[in-house]
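Working notes, structure below.
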Amino acid sequence: MTTAPPPLSVLLELTHRCPLACPYCSNPIALAALREEMDTAGWRSLLEQAAEMGVLQAHFSGGEPMLRKDLPELVAHARTLGLYSNLITSGVAGGEPMLDQLQAAGLEHVQLSVQDVDPAGADRIAGYRNSLPKKRDFAAAVRARGLPLTINAVLHRHNAERVPGMIALALEWQAERIEVAHTQYYGWGLRNRAALMPSREQLMATIDAVDTARRELGDSLAIDFVTPDYYARQPKPCMGGWGQRFVNISPRGDVLPCHAAETIEGMRFDNLRERALADIWNNGEAFVRFRGTAWMPEVCQGCPKREIDWGGCRCQALALSGNAATLDPVCERSPAHAQVRATAEREAAAPAPEFIYRRPERPAPATADTLE
């Protein structure tokens, strides 16, 4: 039995249910049904185990976490355990009554997704009518209650030109921080890659827009920026290194090293109903396999950045090369690197196909706001 340093944070994917249908969603293609979701007692136990391990942060996500009626109870439990609580939400479900309950429970931060600053573009991406006005009202409610607000803006070929507007929106909505992140091609994002891939020219324009805003705004707004891997020369340290800083809990209670880990066929993922979190973290097959550097191929073993990027993303290596145990093809040392760049350029230059919206296999009845 081994003991690894505890993760910094735990992501609780409470549900895969969501009013939105964003084509870049990082949720798996096989979405968990309501009947499969872990119950309140299971999530409370998870929080207790995380706190006992030394985890510092609990991020409540989904799907849409505000669809869980027990969310205030879970936030309150996290508070009692000394865990920092963060809500990651679409802002179109739950409304002010739920927000009041969450504030009373001790919620400490809200991250709100924004699909576009153009109302029609926002609705098209979200697959949901009137999404932007509802998000604006939710942001106002968050700030009226004194809660810190971060805007999460996901970029792709259809909205890359509107980065300045997204930053202006964050200021207007009194956010303290904005994360401007290009689509990461996992889950539904990978399925929709050809519909979402920006051109290199679009990428460079977003870099310039962020650099300009940082110079002009100084400390008045924190701006985080994430580039698309397909145009990079070096891989990013996925999740800060596999099994090192982050643990993801699926709605079913499966314990994952990252959002997309379930795409790796043949890997065994333990469930909280059957095994304790600390044991899974320290000794679970899924966490041990790619933790550290021993698993790395020879080309990575000799790289001075091996303990900086940790070989890149395992799920991306699988998706692009068919082998999760090889170096991330985004890396310029990979024999597949040129092919990755060529794929991005080819897809960005071609007409964008229609979105494949994030929908369960048996979608719930459409609401008046759902775009079909």
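Cβ atoms here come from the backbone N, Cα and C positions, even for glycine.
According to Swiss-Prot, the feature region 'Disordered' maps to residues 342-372, out of the candidate ranges 63-93, 249-279, 342-372.
The Cβ neighbour count for Cys25 ([4Fe-4S] cluster binding site), using a 10 Å radius over every protein chain in view, is 24. Neighbour count (other Cβ atoms within 10 Å of the Cβ, all protein chains): 23 for Cys22 ([4Fe-4S] cluster binding site). Its Cβ taken as reference, Cys18 ([4Fe-4S] cluster binding site) is surrounded by 27 other Cβ atoms within 10 Å in the chains shown.
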